[in-house]
Amino acid sequence: MQAFTNIIIRFPKLLALLLILVTAGAAYYGKTHFAMNADLSDLVKQQGEWRDNLDAVEKEFPESGNVVVVISGEDSLANAKVTEELAHAFEKQSLFSEVFAPSTYDWFEKYGLGFLSKSEFDELRQSLSLILPDLVVSAQYQSIEPYLGGLDKKLSSNELSAEEATTLLQPLVEALNQQNVDWQEILFSNVEKPKGYVINLNARPDFNATEPNKLIMQTVHDTIKQADVASGVQVRVTGQTALDYDEIQDANESVALAGTVSLVSLIAILAIGIRSLRIILSSYLAVIVGLVWTFAAGLLLVGAFNTISIVFMVIFIGLGVDFAVHLSLHIYEQRLKGYDNDESLKLSILHCMSPLGLCALSSAIGFLSFYPTAYTGLGELGIISAAGMILGLLATFLIIPIFFQFFGYPKVKVANAKRSKLALDLSEFIARRHTRIIVLTLFGAVVTGVVASKFQFDFSTLVLKNKRSESVETLQWLQDNKLGSSYQLFAVADDEKQALDWQAKLETMPEVTNTVSAMSFMPTDFDARVAELRQSATPDPSQISTLSLDAFLDKYGSHLSLLGWNGERDVPQSQLLGYLTAELPDLSGQGEVIAPTVDDLPDSIFDNYISANGKWLVSVTPSGDMRDVSELNAFISAVQSVVLMPQVARSPSSRWERSSLRRLYRYRYLTGGDHCDFAV
């Protein structure tokens, strides 16, 4: 230590130059090699049965669709239009290898009837049988009178409810007001409109870039900005890429803010507690230099920071300043005793090296205890922080002595050396009450031990993210609306029979809210439903009656006025019939209707749920709160009791968004075309 101190005293300028060069080199290395690992899977070692299961699933069904664009709003038509426009815009971007937007597929228009629930279909059939037979006759005879006669007959029967009477008269009101009748709105008013649409995008991150997902997210947001998004339509982005990108941005901003607050707080505390400008500046400088060295060393040792290891900066500031303050105050204490500058420095370094070195070593060993665990992210934090303890100690014993050599030692103020009355009182209190303090401490240890034994692990990586970020809020919106879940189990069935058997059993379990396979995208009883609607719309020749327009208006004019009729009676009957039939569903087909098969599914849906080897993917969504470990375990056990093969849980990714596509797109045929193609 004597030789070390002599070098500092004799060659301060040379050492200062070397320190400047080393620090500048470290800063340059840190700036040019800085990288953030956004892949959350790297935070934990990818080993074990779960990893084998995941690999087995991904071998059959490669992961895709890492960005999810969610379009929502009150107007379903506007939502669908924006979705289609955005899908085409994304397809023009070479960055995206896949654009998966099922709401733009003709499949859901062509087979829309098969995606209605039983109650919705029954109401549709009832509305058709009430309205359309008489209108079909009028269309055939090109006369409005059979339609009006049928309306009069039904209205005069006194068997209709007020709602049914309104349903009967509303089309005529629209036609009398010289508007094409919106049969979609009238016939499907009972059908729940989709709450939103999604577009899945797949793009490969550039892992050579400092922020691998930045280009992807910029392209997505730029494309959305350039699109003609109608007022009231909200377009948001989530998915694994968006979640990772937002997390990195939040981590950078949070660490910068925390670091700034820590450094400013450090100055304030030192100013209040020490009241020596030289000690404050030297301690502050030692912390900054040590931080720069540790930043560069961290990149050298682990290659890139992750969302856990980046917090080493705040840890270093808190621990590194202890070394600096300890040495500075010891030098100050020696000068209070009357020693000169050089002797004070020698005595202080000699006295402080062993205890501070022991502190740094023990702290480093403590941090390194993270390394052998399966938590890679925590292990990297341990490596960086351990290196930081050694580098912080080195910076303390170099920066502070050299600083004092250049700018002078702290001035000795006897007034500042007086013992604090508060500290003396506290010491006396501890001495008097030491027995009670020991008892209370032991009691507190027992209580905290009991509480700690109830510890439960939160498996959700979402708790690591900013709840106010767009990606997390959008993900939460999807989950709140039962359109997806960040927790799912995926199983690979050998064939269709096994997949359907699993679905049938799983959907009866209270722990499961829904299951999805390729069959979930198949229309239900499509051919039978088309036949039923044709039958409902077929007029009975024996029931045909006629009534003139004037007679009908005289009889029901007051009712029509209440529904919005403008009172205009001089609308030509041919024109009136045109308004009524312009958007009338085509139910005239007489040929055989052939129900589609699984092989007819759109390629993108087929490939996502049926592999080239004929395997079927089944996704299972839980009904409970998966943040509750007991409910999570119950869900896993329930699925395992049915699926007697490897299954795998995934974090938020593309597949869970796809699991609810059937719900999202079963109404596509209501909004996508000019009319509903019942007849095929």
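Counting starts with 1 at the first residue shown.
A Cβ is built for glycine as well, from the same backbone N, Cα and C atoms used for every other residue.
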### Summary
Between the ranges 437-457, 626-646, TrEMBL assigns transmembrane segment to 437-457
#### Entry: Any contact, the transmembrane segment (255-274) to the transmembrane segment (383-409), with at least 3 Cβ pairs under 8 A
no
### Query
Could you give the mean pLDDT over the domain 'Membrane transport protein MMPL' (181-411), rounded to a whole number?
88
